[in-house]
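What follows is a single structure, written as structure tokens, with notes after it.
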Amino acid sequence: MASRLNNLAAFHQKLAKADRILAICGAGLSAASGLPTFRGAGGLWRNYEATDLATPEAFASDPGLVWLFYAYRRHMALQAQPNAGHHALAALAKKNPNFLCLTQNVDNLSSRAGHHQQQQQQQQLHTLHGSLFTLQCSSYPSQCTYIDQNNTLDPLCPALAPASASASINPPSNDPPKPSQSSKTIIPLLDPSTPLPPIPKSHLPHCPQCKNLLRPGVVWFGESLNPTMLAEIDAWIDQGGPIDLVLVIGTSSVVYPAAGYAEKARTKGRTSVVTVNMEVDDVEEEEGWMWGKGIRRRRSRPEEHLVFQGGAEEWLPRMLEPVIGVAKDDGTYE
């Protein structure tokens, strides 16, 4: 049996026969753009876990602190640039109207790469967890329906200016840090030993319609995803015929409902599930399951599954080249 790890030729054979393709993307897609994930070892912001700040309860308790966290993330996302993985998926969407991408990322880098939600009269990108650049009323939708989309103002207001004076993006590198880099001064916002003065609610962004506080338009822990969006995704999976390829990119598929889409999309004997992730070592078969580090997925036939270990920016352009061609010098395909 041919190896299922980093087998580009085997993937190209599957791609040549594929019509309907589903991609499920996580934070690993944007890692090469230099964005912090706030997960794993060292994944803290001022000694806070992201899960401690990304809740309605945290916002109700200290909206100023939560807004500083998200203002910092907005600033970093605006400084970042889409990487080769984003551009490859955007090019695939333009070439194949039967390609649907579900992203858990809120950084808008897919859209900035030209991967728009509405293309070729088809919905081709769903942002499962919302966007850092959407503002909505904190009483939405029960009392007020105000939403401000694609708001890239940085800073949003004077009180959040410290979040926009942050360090610049540093894309991942295998090179050792230069002395000037290793001695870089930590800015006060990111230094847990530097107290943050409380921000009065009156100094934070407010809804122009009802005067309540505005909040980031992202899905917090304990909140439900947009039901209309979920219905559209289910309809695409259920009503359009068999899905030929499922690409699981930069995620271990542990967050639901995204974790369930790969399995839901599979059709026995037809669908191939292909994983692209940094952590997929020790791939092996055991009692009808495919295992990788952080990955566990039922299989119907061993040859259906391929795994590519490495960054999406490294693999996706090579994997999709037979369909999208070779990128130009600026990284785009048009």
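Glycine is no exception: its Cβ is also placed from the backbone N, Cα and C atoms.
Quick look at what TrEMBL annotates:
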DOMAIN    1-332  domain 'Deacetylase sirtuin-type'
ACT_SITE  HIS129  active site, proton acceptor
BINDING   CYS137, CYS144, CYS207, CYS210  Zn(2+) binding site
REGION    164-186  region 'Disordered'
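Figure note: comparing Cβ neighbours within 10 Å for the binding-site residues CYS144, CYS207, the maximum is reached by CYS207. Within the group of binding-site residues (CYS137, CYS210), the Cβ with the highest number of other Cβ atoms inside 10 Å belongs to CYS137. Taking Cβ-Cβ distances under 8 Å and a sequence separation of 6 or more, the neighbours of HIS129 (active site, proton acceptor) in its chain are GLN104, ASN105, VAL106, VAL218, VAL219, LEU225.
The Zn(2+) site is defined by CYS137, CYS144, CYS207, CYS210, and by the 8 Å test on Cβ atoms against their centroid, the other residues of the chain that qualify are SER138, SER139, TYR140, GLN143, THR145, TYR146, PRO208, GLN209, LYS211, ASN212, LEU214. Mean model confidence for the domain 'Deacetylase sirtuin-type' (1-332) is a pLDDT of 85.
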